[in-house]
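Chemist: Straight out of Swiss-Prot:
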- 8-202: domain 'Glutamine amidotransferase type-1' (DOMAIN)
- C86: active site, nucleophile (ACT_SITE)
- H177: active site (ACT_SITE)
- E179: active site (ACT_SITE)
- 203-395: domain 'GMPS ATP-PPase' (DOMAIN)
- S230, G231, G232, V233, D234, S235, S236: ATP binding site (BINDING)
Amino acid sequence: MTETAHDRLLIIDFGSQVTQLIARRLRELNVYCEIHPYQNVTMDFVREFAPKAVIFSGGPDSVTREGSPRAPQEIFDYGVPILGICYGQQVMMHQLGGTVQSGHGTAEFGRAYVTPTEERIDMLSGWFLDQTEQVWMSHGDHVSEIAPGFKVYGTSPNAPFAITADLERNFYAVQFHPEVHHTPNGKTLYENFVRLAGFSGDWTMGAYREQMVETIREQVGDKKVICALSGGVDSSVAAALIHEAIGDQLTCVFVDHGLLRKNEAEEVVGMFRDHMNLQVIHADETELFLGELEGQSDPETKRKIIGKLFIDVFQKYADQIEGAEFLAQGTLYPDVIESVSFSGGPSVTIKSHHNVGGLPEKMGLKLVEPLRELFKDEVRALGRELGLPDSFIGRHPFPGPGLAIRCPGEITRDKLDILREADAIYIDQIRKHGLYDEIWQAFVAILPVRTVGVMGDGRTYDYACALRAVTSVDGMTADYYPFSHEFLGETATRIINEVKGINRCTYDITSKPPGTIEWE
């Protein structure tokens, strides 16, 4: 639980796959909220958290099953507004005296349309302007009898109690998911709910910046902090925020493994050292990394070699910094949420950046994680608040192992040099056409095959490359970007004409799933 002076909203997670989207929608409304799994939410916890309102998330279980997830019964007497969503609606009805039934005949999955009843309420302000509202349903059980005190304000063909409310107690319940994209007007419901709950909307990145600067100063005192700087958005914003708080008590270590994009090391070190006046150690260990990777073609082996060497190299340079007691990490809120499974135990894989995984334990350092309350879009907003240039804030994701996983098969210096040049041309083309910000991630992969070509009057036998560009919201699913044929033809021509060593260019149109975004 995080200490904050802002009004707080508690989201009780019953296991929905889209619970994070609820938090995202609320943060967009400048409302501070936290997600906590239902089994951790006791009334002692609620009183300590002191929420101004509560939301019950959806979930995969059935309230008709004995032992299924519940909210603390006393929370209904706590005196704050509550919104129940899908399974959260069923929990509310079940615990307050209504009836929930299982039945395939009334299940709804996918798009549905809700129709209002005659009586309108403030919670539905801005809704039903076109008589019906499109929503996204995902329920097998259904409410067959609402709890005492509730009335119906919206219905759908298979959900006669799609929207219900007890206005006296400020309890609201919907059978659909207002947080998802497929409920186009869903954000309006959240706006109405937080307005009715009395939130001031003071959760801004400016306020967060001031609060976190003070928190870092209190945590660190006069001790020193080390930061593994990658040049990515997360580590860059974390470093800038910590530097604002403690100045030269922060030292950044930029490990150059020889697998970076064209001019990347110089740009990252130059920005932080020369323009932001951070202390940056540029650890150029290209020879070490490429030497260990020589002859290796298995992608998992390459990842493990790079990860282990990174830790060894980082520790070597960190040991030279006297008095360092803290390690800075760019942990984000989704990482914190995903590190605990719905059952309350450790998840199968706790997400950790390969660059810093295992470092705190190995080095005996305490963690400074100034971004652990933020989503990715909030990190970008904080970066702008801190004055970082858009060229860094808006960068596409770049994997820790770098170009190693964009070079299937064995890695050689020659292939890396070819790949850097081709990738630089591709990104230049995307920027020239004004497409960079429309794309989640774009890169070139050099393929482990040579193909025959003709250039001038001569025969060539050079590498083929694949262009990759995807659109995505969170990287979990992705679709290829629909470039025009003109763009692809122009880009392929530039790469083949300007990069010695490539004579064939393809465009990867695989979605995720079944493919992954990266080639390895």
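One-based numbering along the chain as shown.
Every residue gets a Cβ built from N, Cα and C, even glycine.
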Chemist: Do any residues at least six apart in sequence from G231 (ATP binding site), in the same chain, have a Cβ closer than 8 Å to its Cβ, and if so which, in order?
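Modeler: Result: F254, L260, E264, E267, V268, F392, R395, F398.
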Chemist: Neighbour count, 10 Å Cβ-Cβ cut-off, for E179 (active site): what number do you get?
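Modeler: 25, counting other Cβ atoms within 10 Å of E179 (active site).
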Chemist: At a 10 A cut-off on CB-CB distances, which of the binding-site residues S235, S236 has the highest count?
Modeler: S236
Chemist: Could you name the residues, excluding S230, G231, G232, V233, D234, S235, S236, of the same chain that surround the ATP site, i.e. Cβ within 8 Å of the Cβ centre of those residues, in sequence order?
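Modeler: Here the non-site neighbours turn out to be L229, V237, A238, G330, F392, R395.
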Chemist: Restricting to the domain 'Glutamine amidotransferase type-1' (8-202), report the mean pLDDT as a whole number.
Modeler: 91
Chemist: Measure from the CA atom of E179 (active site) to the CA atom of V233 (ATP binding site) and give the result in Å, rounded to a whole number.
Modeler: 26
Chemist: Among the recorded positions listed here (C86, S230, G232, D234, S236), which has the Cα closest to the Cα of H177 (active site)?
Modeler: C86
Chemist: At the level of the C-alpha atoms, what whole-angstrom distance separates E179 (active site) and S236 (ATP binding site)?
Modeler: 30
Chemist: Looking only at Cβ atoms, how many others are within 10 Å of the one on S230 (ATP binding site)?
Modeler: 24
Chemist: Looking at the binding-site residues S230, G232, D234, S236, whose Cα is closest in space to that of C86 (active site, nucleophile)?
Modeler: D234
Chemist: May I ask which residues of the same chain, at least 6 positions away in sequence, place their Cβ under 8 angstroms from the Cβ of D234 (ATP binding site)?
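Modeler: Looking at Cβ-Cβ distances below 8 Å from D234 (ATP binding site), excluding near sequence neighbours, one finds G330, L332, L371, V379.
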Chemist: So if I draw a 10 Å sphere around the Cβ of C86 (active site, nucleophile), how many other Cβ atoms end up inside it?
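Modeler: I count 25 other Cβ atoms within 10 Å of it.
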